[in-house]
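As given in TrEMBL:
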| type | residues | note |
| --- | --- | --- |
| SITE | 14 | site 'Transition state stabilizer' |
| SITE | 21 | site 'Transition state stabilizer' |
| SITE | 170 | site 'Positions MEP for the nucleophilic attack' |
| SITE | 226 | site 'Positions MEP for the nucleophilic attack' |
């Protein structure tokens with residue numbers, strides 16, 4: 001079995017909304033509901049913790065988010081999907097989510113997913129979980145970079161155009177996504193770092209990587225996009241519409 005943490009405590013200013021990003025509507029339901037639907041369908045996830053902004057609880061009835069009426073409960077009637085408040089930084093929110101998953105064995109897979117990635121699939125979730133079950137400390141979704149990437153020099157205070165320093169070898173570059181899956185003990189150690197270290201981390205895998213952990217990449221489609229800007233929301237609408245029509 002495994003547990004999941006969905007990080008959904010971010011704000012939606014860059015989307016042009018004054019409400020939490022994960023609750024911005026996407027094809028008639030909150031953005032967050034799409035990834036929740038995929039995770040709920042993975043039967044090996046015994047608990048799913050949703051980290052929300054303070055004052056934004058999960059609805060009592062999952063149907064309010066376009067989900068099945070029993071989506072929040074396990075077959076035995078216990079709570080399977082629960083909500084908790086987030087922290088100041090993303091890593092603090094993940095730490096709060098990990099605490100809410102309850103006790104588990106050291107090697108239990110813990111999946112962390114951005115609620116702003118609505119196109120995650122059951123197949124990608126399963127592949128990331130399998131990476132940790134096969135012995136890695138972490139297995140993270142990532143897409144091979146296809147663009148040529150330039151590294152620039154630090155910004156010129158005069159406002160001049162950035163100067164290229166060098167061209168990176170794109171055959172070695174991957175654009176990291178979520179889900180990211182970790183051994184429970186590995187993630188707990190990473191999240192025990194001082195607050196200033198957590199605040200500087202751009203993702204949870206970088207904390208494990210810095211500690212010398214074995215982090216593996218799981219090839220993911222570029223369609224597993226993160227909704228950050230209004231054009232991302234429009235693209236997600238098109239991709240979800242195409243996916244639903246092809247079923």
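Residue positions begin at 1 at the first shown residue.
Glycine too: its Cβ is placed from the backbone N, Cα and C atoms.
Heads up, TrEMBL stuff is auto-annotated, nobody curated it.
Of the recorded residues, residue 170 (site 'Positions MEP for the nucleophilic attack') and residue 226 (site 'Positions MEP for the nucleophilic attack') place their C-alpha atoms 21 Å from one another. Separation of the C-alpha atoms of residue 226 (site 'Positions MEP for the nucleophilic attack') and residue 21 (site 'Transition state stabilizer'): 11 Å, rounded to the nearest whole number. In this structure, the C-alpha atom of residue 21 (site 'Transition state stabilizer') lies 9 angstrom from that of residue 14 (site 'Transition state stabilizer'). Sequence-distant neighbours of residue 14 (site 'Transition state stabilizer') (same chain, 6+ apart, CB under 8 A from its CB) are 228, 229. Reduced to three states, the DSSP call for residue 170 (site 'Positions MEP for the nucleophilic attack') is helix. The most densely surrounded of the recorded sites 21, 170, 226 is 21 (count of other Cβ atoms within 10 A of its Cβ).
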